[in-house]
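Each remark here refers to the structure printed beneath this line.
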Amino acid sequence: MDGEIKSFIKVWSMAISSLCYCYYIVARMPKGVLRFLSLLPVLCLFLTIPFSLQSCYLGLYQCHSYLAIEIILTLAASPARLIPGLRLEQQFNEPYLATSLQDFWGRRWNLVTVSILHSTVYKPVCHWSQHIIGSRWAADLVPLLAVFMTFLVSGLMHEVLFYYLTRVPPTFEVTSFFIVQGICVIIEVVFKRKVITDRWRLHRAISRTLTIGFLVGTSVWLFLPQLLRNGVFDKAIREHSIVVQEWSSIINRSFHVSSSYSLDKWKRHHIEVTRPTSNFERGRKPKKKKKVKL
């Protein structure tokens, strides 16, 4: 475990140094080939950094950080909303209340990532597809193609993350999960445009049940098997128990040292109070002995 902690410190130092390099040096370069070439070493480093960590618990550090940030932002959001004119961006928007796949992926689940993918994948695909497809079919096909490419990129990103966790060749089950979600979202959008009207809309309770049931079913089918098959959860539980035991031993040792110090201090004080004092210590001068003349 000590070697893994040292590896984690090394990885953390490299990540912070790379971010400072990108922020203070690369960001000041003009846009173009020079900036891209300056970023290539950092991109290659970030692809190889996770291999320095063998522990699944430390490999999931980004998940712990994300959850910690989510909790902190949630706690800070309540007083911040009292400030007039201040609007905070939500992380999640009650995903269990989603009435459709489009509602779940677009407006409720992991909204920060949705915003990033919208600006980095969805918009560029729409821009370039309009020139390729043409204006006649652009209004109908371009948004659907952009949705599919967004889910495909998200699936590949999750595939890389799972590869870092499992260290086994990718099976592309996770990518298939997001491809299935993208295809179903496209079918749902087309179905709503062409077939469903306000008269044929399902009740919210039924649509929520169908949506969550589909998401859970496809997750069990394609998203979780790779993690379960390679024992990621078992390894995380074992390492979590080790961390808990280490912290428990540290707390117990600290409590034992504190108790021993308090007991020794009490004993010294008790001895000083109970031991007899001499006349000199009481403030009385000692009597002089009379000399006897012979």
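Glycine residues also receive a Cβ, built from the backbone N, Cα and C atoms like all the rest.
Here is what TrEMBL records for this protein:
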type: TRANSMEM; residues: 6-26; note: transmembrane segment
type: TRANSMEM; residues: 33-53; note: transmembrane segment
type: DOMAIN; residues: 90-179; note: domain 'Wax synthase'
type: TRANSMEM; residues: 141-165; note: transmembrane segment
type: TRANSMEM; residues: 171-190; note: transmembrane segment
type: TRANSMEM; residues: 210-228; note: transmembrane segment
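Among residues of the same chain six or more beyond the transmembrane segment (33-53), those with a C-beta under 8 A of the stretch's C-beta atoms are 4, 7-8, 10-11, 14-15, 18, 21-22, 25-26, 59, 164, 167. Averaged across the domain 'Wax synthase' (90-179), pLDDT in this predicted model comes to 87. In the domain 'Wax synthase' (90-179), the DSSP tally of helix, strand and coil residues is 72 helix, 0 strand, 18 coil.
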